[in-house]
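Asks: The structure is given below, and queries will be raised subsequently.
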């Protein structure tokens, strides 16, 4: 490997810049491994400048009519370099309209001398005029003819998420497009499940990045808890909400190591596991991003923190990754005896599994189980259900001319993987194209059966419609003439209804749960859930007594003009029941007094005495100690 980069082996958390040749650019996984061998991962961020002869797309003059369904106005509050950010949904608009808005006097980039001057203006402008971000648009602008570093076909081990579990999460294992303007911001965060990410700036003004080295990530978390105590109390992993902005000045004053780098059009930025990053756009631009994984990530994924309030929880089972790529520790991990320690300093690859042969080992196990072989995903991607606004195809049709790839003979493999623990076994992947969809998974198949495409958990549950396509057909982006752009952006449709989800790799103790809510749609209880063994019971051993002098407040919701109940303002307090075995227990609106017939027995007199002294709530708890609604009154006991 003779690739040129801008600094020697990284020992000081410097953000490295790499200049691969066209030959080196051909193998994405190999080049990422080379970058880590040079210490690029220690900074948490690296830049890759592709060869001059490489192009992601020949031209971008045919994307003006792509629809941005949900533009987000970024409103900030705070002072002294510490701000919180929230989003207001705006009316849908075309990319051409968004470009015109971004270049208008109200939103255009202010005059500046250089990047450093613009950076100072950025932090001084908060709160200021809130910009509008065209973020999280499911789709890709890479042409099918682009084989190297095509974000829709990276071919990393993250493909196992769909191949083994049948799970597609938009923005995680499918690309997202981002149309930005001056001051649009991505707040401090790590990637979902602490994955890698790659960001390509297709065209437009630069993007400035800040990053904290992974080995100092916990220091940033401690500082954030001090600066945002309210958010921290509400959620242990509140940084995953992407609402916290902390300026470089504040980081310096608190001794948090960080680096900055400016990305320009035609350049890639790679973030590494547990690398906290943030940044802003200098003006109108278009970027594309997706997550990916390497064997080194698996240990990070095992211990990745999660949003505890459920607002930004994106998680999936690590079973397939550990079982296939770390078979020597699978049994220990399955019984929660695998004491994983993440080494932020040195890249680690399991000795028994090299990155280059994981696809062959999957094929070997499938062949041993008597299933049809899986088409190699380096040259062919699975068929998925997609939304109408997905991957761009200006001509509106046509089949993908993706060459096939024969699976290599595996008789010389040194070991055979254990069979899948999933209820329906491993999925058969087939089909071509670049299907993208917010939470729409390629349907898993059993041998010899044909099923409809399933919808799996969405990354943020903001999809407004579903569609499907025949195998070999390109999905379509939604254009302005296909929707009414003068209407407000649609809100979430509410709780998703899961159809059949065979092929899921949930823990075995979750697989038989049921029955389904809809008898006409038999379904598994949801994709890739953790085992019930890991769920700690929160029921107290003794139910506290509530004396009659304590007033128990009940939650009352107001009605609208139509007489319907209004939703609570804080939607985070509403428990979203995503799975068929969950049911909502209604809170009673009043307490019924228990009547006791006259009885001369000592037991009856004792019951009457307790009823008078401690009230009906205590009696209800005695009758049924596990009844859930009296437990809601515990906080009122003083």
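Any Cβ shown, glycine's included, is placed from N, Cα and C.
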Asks: Of the candidates 100, 112, 277, 282, which does Swiss-Prot annotate as part of the Fe cation site that also includes 189, 191?
Replies: 277
Asks: Scan 426-474, 475-523, 524-572 against Swiss-Prot and say which stretch is down as region 'Disordered'.
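Replies: It is 426-474 that Swiss-Prot annotates as region 'Disordered'.
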Asks: Can you work out the mean pLDDT of the predicted model over the domain 'JmjC' (143-309)?
Replies: 96
Asks: Measure from the CA atom of residue 191 (Fe cation binding site) to the CA atom of residue 242 (2-oxoglutarate binding site) and give the result in Å, rounded to a whole number.
Replies: 10
Asks: In the same chain, outside 133, 199, 207, 242, whose C-beta lies within 8 angstroms of the Cβ mean position for the 2-oxoglutarate site?
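Replies: The answer, listed by sequence position, is 135, 178, 180, 184, 185, 186, 279, 280, 281, 287, 289.
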Asks: List the Cα distance (Å, whole number) between residue 241 (Zn(2+) binding site) and residue 191 (Fe cation binding site).
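Replies: Distance between the two Cα atoms comes out at 11 Å.
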Asks: Taking only the binding-site residues 133, 235, 307, which one has a CA atom nearest to the CA atom of residue 189 (Fe cation binding site)?
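Replies: Given the candidates 133, 235, 307, the nearest one is 307.
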Asks: Using residue 191 (Fe cation binding site) as the reference point, find which of the binding-site residues 207, 307, 309 has the shortest Cα-to-Cα distance to it.
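Replies: Checking each of 207, 307, 309 against residue 191 (Fe cation binding site), the shortest Cα distance is to 307.
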Asks: In whole Å, note down how far the CA of residue 235 (Zn(2+) binding site) lies from the CA of residue 133 (2-oxoglutarate binding site).
Replies: 25
Asks: Within 10 Å of the Cβ of residue 241 (Zn(2+) binding site), how many other Cβ atoms are there?
Replies: 20
